[in-house]
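Take a look at the structure set out below.
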Amino acid sequence: MAQLDTLDLVVLAVLLVGSVAYFTKGTYWAVAKDPYASTGPAMNGAAKAGKTRNIIEKMEETGKNCVIFYGSQTGTAEDYASRLAKEGSQRFGLKTMVADLEEYDYENLDQFPEDKVAFFVLATYGEGEPTDNAVEFYQFFTGDDVAFESASADEKPLSKLKYVAFGLGNNTYEHYNAMVRQVDAAFQKLGPQRIGSAGEGDDGAGTMEEDFLAWKEPMWAALSESMDLEEREAVYEPVFCVTENESLSPEDETVYLGEPTQSHLQGTPKGPYSAHNPFIAPIAESRELFTVKDRNCLHMEISIAGSNLSYQTGDHIAVWPTNAGAEVDRFLQVFGLEGKRDSVINIKGIDVTAKVPIPTPTTYDAAVRYYMEVCAPVSRQFVATLAAFAPDEESKAEIVRLGSHKDYFHEKVTNQCFNMAQALQSITSKPFSAVPFSLLIEGITKLQPRYYSISSSSLVQKDKISITAVVESVRLPGASHMVKGVTTNYLLALKQKQNGDPSPDPHGLTYSITGPRNKYDGIHVPVHVRHSNFKLPSDPSRPIIMVGPGTGVAPFRGFIQERAALAAKGEKVGPTVLFFGCRKSDEDFLYKDEWKTYQDQLGDNLKIITAFSREGPQKVYVQHRLREHSELVSDLLKQKATFYVCGDAANMAREVNLVLGQIIAAQRGLPAEKGEEMVKHMRRRGRYQEDVWS
């Protein structure tokens, strides 16, 4: 074979790169998705092996004229998409299907038929980012080089597309509903026809559900006019067929009793572990951090040794919870299933495009305990659908009233913090035995993992992940009962068991802590890791300022742990300042003794500034301490410090953002608006980072 000269090699390299670009659509060098995320084989999903990624082809094959795409991180957007599909079918006769954005391609949307419509239900994740399953969709439409399959040179390639858009966001974040706003703006440049307004739901204001209900009615009216639809009386048409299988018992090895995947059911779980396939991790250590008896805060060490799971300092760990026994019993009792809890059921999608959210076959008990979000807040729209199945006329009238009057619903249900079963118990003691289980599967979202900021450094302990979590058990204003966190009380039960309690019952709750078929025995918990952009500067000599009251200190424990380890190796570590707040120094000062160890290792480079809100006549919070140390903060910012905030988004994070702008303006003799602009500039440059929740 003749030897290739340099030019030949260059030409071959160019051809190779071009071929890869063509066949992979550039995915090798696209902006990275979550490196820990996996699309995974979704149950009954549209994009299983052998299934098309061409949405137009899929709609033609299945006779659909309406597709509802969703971009969802926690399941809410997916739930809204399912509700829109169901309502469109039952009220207007649309042939609907629900579609996961990551399961389809978009290059052929320029050929989308004019007699069909596409919905886009898009949640915004974090700081204005797309959800994991919407990354490629977002990059495609917001990139500078959008290209479609059609050879037409038309400047408006999507002129045939009719679309509907609704966004899910949180106004406590700076980039409120950025996903739907940016996608809608990108669409408008391409020439499609939007039906109705681009709706926006606000979780930060607690009005997401009512925002959705208020938006969809005028949207349906506009869509009916555009597609010449006729509204009809909505009658329940099941999406799923649920049948009891008397030939199987719960002991049968093919029956799911809470296992998350088939490999877990078969006793051969294997990676890669992801949001679709958790690792059953041993809890290596657990202890209480508070010194008071009426409140709990947990420190847990989760072992990931041998799992091939990895994390980086600042990432999140997801815990897959189980519902408390009392809530499982309540739910089964309310719907007349208590005596049938161990009956085996098969669940099948009536429509070929329907995705079954629960592994099947399973039992009523397992479905409610492990797979359904039965403790979630109640949807007024879903409550209204139960009227037809009420046990008597009096109950039916009350349900109709609740479903029809949002203020009354707010008073009787929302303010009481009721879940579905509690809401129905407040109406009548009679069971709602006539409610089809298929309707409950359709109306109640799948039990979702809960995410926690990792409170350890991957440099210091790569095989163990630390969690710092306050246990929720509070009486909220207006509520007649204690509201108890689903996952934190589950973790508290595991901690109690590990520390010698044979019958743990945190706040009166019990859990199946040994898991399905005792597969979690020995104190195990299902987990996966989610990537975060909340990261230390790559140069450890750069100063950092951290603001983290309460459990908001979690990632900063990892940050400081890492900087102490780097210093011990002889690396130069820059000024490291933590503003920490809690109620009292002798009650809930998290890691109080540990900070002293890091102080010894980092010396003058570590400064911890505390704010105790209940120790003096005046409440003192971290934002007050920030203002008191304005000169220090300003000096470090001039040295290119990165500023971090972790904790409550609604109040603390918003006030810290405001105070920082005021500090910059005052210290530099600038107008207030200039200080605000400089904080925004820091955000854009990645020098102001938030890991916040509401």
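Including glycine, each Cβ sits where the backbone N, Cα and C put it.
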Recorded FAD site member, picked from W220, W693, that accompanies R450, Y451, Y452, S453, T468, A469, V470, G485, V486, T487, T488 in Swiss-Prot: W693
When distances run from the Cα of R450 (FAD binding site) to each of the binding-site residues A123, G126, Y176, R295, the nearest one: G126
Pairwise CA distance, G126 (FMN binding site) versus Y452 (FAD binding site), rounded so that it is a whole Å: 14
Collapsed DSSP category at Q623 (NADP(+) binding site): helix
Position of peak Cβ density within 10 Å, selected from the binding-site residues A123, V470, V486: A123
Nonlocal neighbours by CB distance (under 8 Å) for N170 (FMN binding site), same chain, sequence gap 6 or more: T124, Y176, D202, D203, G204, A649, S694
Of the binding-site residues listed as R295, Y452, K619, Q623, the one whose CA lies nearest the CA of S72 (FMN binding site): Y452
For Q623 (NADP(+) binding site), the one of G75, Y173, T468, V470 that lies nearest, given that the binding-site residues are compared by Cα: Y173
Using Cα positions only, nearest of the binding-site residues to V486 (FAD binding site) (A123, Y173, R295, Y621): R295
